[in-house]
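S.K.: Pulled these features from Swiss-Prot for this protein:
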{"type": "BINDING", "residues": "12, 14, 46", "note": "divalent metal cation binding site"}
{"type": "BINDING", "residues": "12, 13, 14, 38, 39, 60, 61, 62, 136, 137, 138, 139, 143, 146", "note": "4-CDP-2-C-methyl-D-erythritol 2-phosphate binding site"}
{"type": "SITE", "residues": "38", "note": "site 'Transition state stabilizer'"}
{"type": "SITE", "residues": "137", "note": "site 'Transition state stabilizer'"}
């Protein structure tokens, strides 16, 4: 049986480390810390990539962009997203919509959510209203609650591209 839709779910987390900003959804956000990561550590784009790859059973971001590969050292995660989008389109699929949740105490995501939505929609060549970015805290529980790191969850609906 063949379906015209696929659903994917992704998750990413990074610990805070030295730095003065974090990348979130392709947007540079000022913060008291950076993140510890091989690439730019954009948890939003990483979770989104995993959701896209998972929807078509294409593995995960670590398989496509392993941290052991120096090509991806300090890489812009927008490259990862565009690569994943290309894999989908080669197979006749595209993102219909994406719903992303950032989990952290700080930085505050709300003031940057529209810019993040615009960046993601632009990278995927989809409508702005097909991208949702929101944030929540963990009520000071766990590593995000203690301010030790940041996490993101993403869900995507893929649709077949009409021939």
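Each residue, glycine too, has its Cβ placed from N, Cα and C.
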S.K.: When neighbour density is defined as the number of other C-beta atoms within 10 angstroms of a residue's C-beta, which of the recorded positions 38, 46 has the lowest density?
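M.R.: Minimum Cβ neighbour count within 10 Å, taken over the recorded positions 38, 46, occurs at 38.
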S.K.: Counting only residues 6+ apart in the same chain, whose Cβ is under 8 Å from the Cβ of residue 61 (4-CDP-2-C-methyl-D-erythritol 2-phosphate binding site)?
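M.R.: The answer is 10, 12, 46, 49, 50, 53, 80.
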S.K.: Applying a 10 Å Cβ distance cut-off over all chains shown, what neighbour count does residue 143 (4-CDP-2-C-methyl-D-erythritol 2-phosphate binding site) have?
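M.R.: The answer is 16.
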S.K.: Between the Cα atoms of residue 38 (site 'Transition state stabilizer') and residue 14 (divalent metal cation binding site), what distance do you get, rounded to the nearest Å?
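M.R.: Cα-Cα, rounded: 10 Å.
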S.K.: Let me check the 10 A CB neighbour count of residue 138 (4-CDP-2-C-methyl-D-erythritol 2-phosphate binding site). How many other CB atoms are there?
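M.R.: Residue 138 (4-CDP-2-C-methyl-D-erythritol 2-phosphate binding site) is surrounded by 14 other Cβ atoms within 10 Å.
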S.K.: Pick out which of the recorded positions 39, 136, 137 has the most other Cβ atoms within 10 Å of its own Cβ.
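M.R.: Answer by Cβ density within 10 Å: 39.
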S.K.: Using the alpha carbons only, what distance in Å do you get between residue 137 (site 'Transition state stabilizer') and residue 39 (4-CDP-2-C-methyl-D-erythritol 2-phosphate binding site) once rounded?
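M.R.: About 24 Å separates the two Cα atoms.
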